[in-house]
Structures are given as C-alpha cells and as structure tokens.
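Participant: Swiss-Prot lists 1-82 with the feature domain 'GST N-terminal'. Here Swiss-Prot flags S11, T12, A13, H40, K41, Q53, V54, E66, S67 as glutathione binding site, drawing on similarity to another entry. The domain 'GST C-terminal' annotation in Swiss-Prot covers 89-213 and rests on sequence analysis.
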Amino acid sequence: MAIKVHGSPMSTATMRVAACLIEKDLDFELVPVDMVSGEHKKHPYLSLNPFGQVPAFEDGDLKLFESRAITQYIAHVYADNGYQLILQDPKKMPIMSVWMEVEGQKFEPHASKLTWELGIKPIIGMTTDDDAVKESEVQLSKVLDIYETRLAESKYLGGDSFTLVDLHHIPNIYYLMSTKVKEVFDSRPRVSAWCADILARPAWVKGLEKLQK
C-alpha cells in the first residue's frame, strides 16, 4: 500500500515529513487537509490524529502522528533507501539525539512562533503581533549563538554528515529566510553557511515542488 501523508502544504510539520520521504526516495501520496474549514478538528481526520493537528501518516496498516516521530520511523524502517539520515555508530547516535532534542525543545518554540507571525499570518490576512516577534527573535538569537559555536566543531549539528537533526530545522528556516529575521541567521557566519547548505538539498527543493502543485 502507498504511503500517505495527510496535511497542509503550508504546514512546517507536513513539509518536514515530505522532505524526509524524498530524502529516502520513497513515493507517497499527499492527502490535502483543509485547515481553513477546520477539517483537522473533525472526524474522520481525528481518527488519524486525535490532537487535531497535521500531519497524519499512513504506511500500510500503520498510522502515526507527530512529524518528528514520523521522520524517525521513516529513517529507521527505510534505512537502506536513499540518503542515510541517522548515525549508526553507537557513540555518535547519542550526540545526534541530543541535538534532535535541542531542535524540538529550544529552536522550534521560537522559530515556529516567528514563522507563524511573519510567514503565515500575512498570507492568511492576519495581523502580526510585533511584541511576540520581538521576544521570539531575542530568544532565537540565543539559540543561534549556541549553534554558531557547535558548527565550529562539526559541519552539521548532529555531526559531520546531514541527518534528521538538520532536516527537522529546514521548514522553519525556509519561511524565516524570506522575513526580516533572516538577519539573525546571516549575522552568524557558520549558521548562515549551514542554512544555505541544507536549504539547497535537492530533496528539499523537490519536496517544495511537490507540495506546491
């Protein structure tokens, strides 16, 4: 049975899963979810994701939600497909896991808030909360200072090769690079180079094309 991703093309979480599938050379069907009408908060969608968020994922009889859990499933179950997104070395895997936690717990809260305020709200006709932007930018800057130090030690956050750690960052960075927050990334040379590297990955470019069809 075909892999299905139920989600919205504008959703960073949907983008994250799509990019992972394309990195692994896996075909999938994108099943659009109309979030404007609230489809994600109603049945039958709630049978796929009881929290009413996107995406939801189906691989045969298996149903998953939470984008980072989905990408980890894909990377492990389809380890022999496409690009290797996880580190097999038992001494390197914990380092990758640490930085995956950092992305989810330290980067995501501030980056996603900025994406919402500066990237999504203008598209859907909502007013940006300038105070929220200012506070989130300050907090994101602190995280990126740590990233700048980390990237002096290795080419990517999880180690010397591109992994899920880096992939998980891409959707928010993609949105923020077209906003005034771009300067927060560009002012840190190693962070700026890392962003350019991961945004140029063919799988990400292909994923955007698929989502925007």
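Placed from the backbone N, Cα and C atoms, the Cβ positions cover glycine too.
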Participant: Per the record, glutathione is bound by S11, T12, A13, H40, K41, Q53, V54, E66, S67: how many Å separate the farthest pair of Cα atoms?
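Facilitator: Output for glutathione binders S11, T12, A13, H40, K41, Q53, V54, E66, S67: max Cα distance 18 Å.
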Participant: Take the domain 'GST C-terminal' (89-213) and count its residues per DSSP category (helix H/G/I, strand E/B, coil), listing them in that order.
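Facilitator: Counting residues per DSSP class in the domain 'GST C-terminal' (89-213), I get 92 helix, 2 strand, 31 coil.
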Participant: Under 8 Å Cβ to Cβ from S67 (glutathione binding site), same chain, six or more residues apart: give me those in sequence order, or none if nothing qualifies.
Facilitator: A13, T14, R16, V17, P55
Participant: Can you check what DSSP calls K41 (glutathione binding site), collapsed to helix, strand or coil?
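Facilitator: DSSP assigns K41 (glutathione binding site) to helix.
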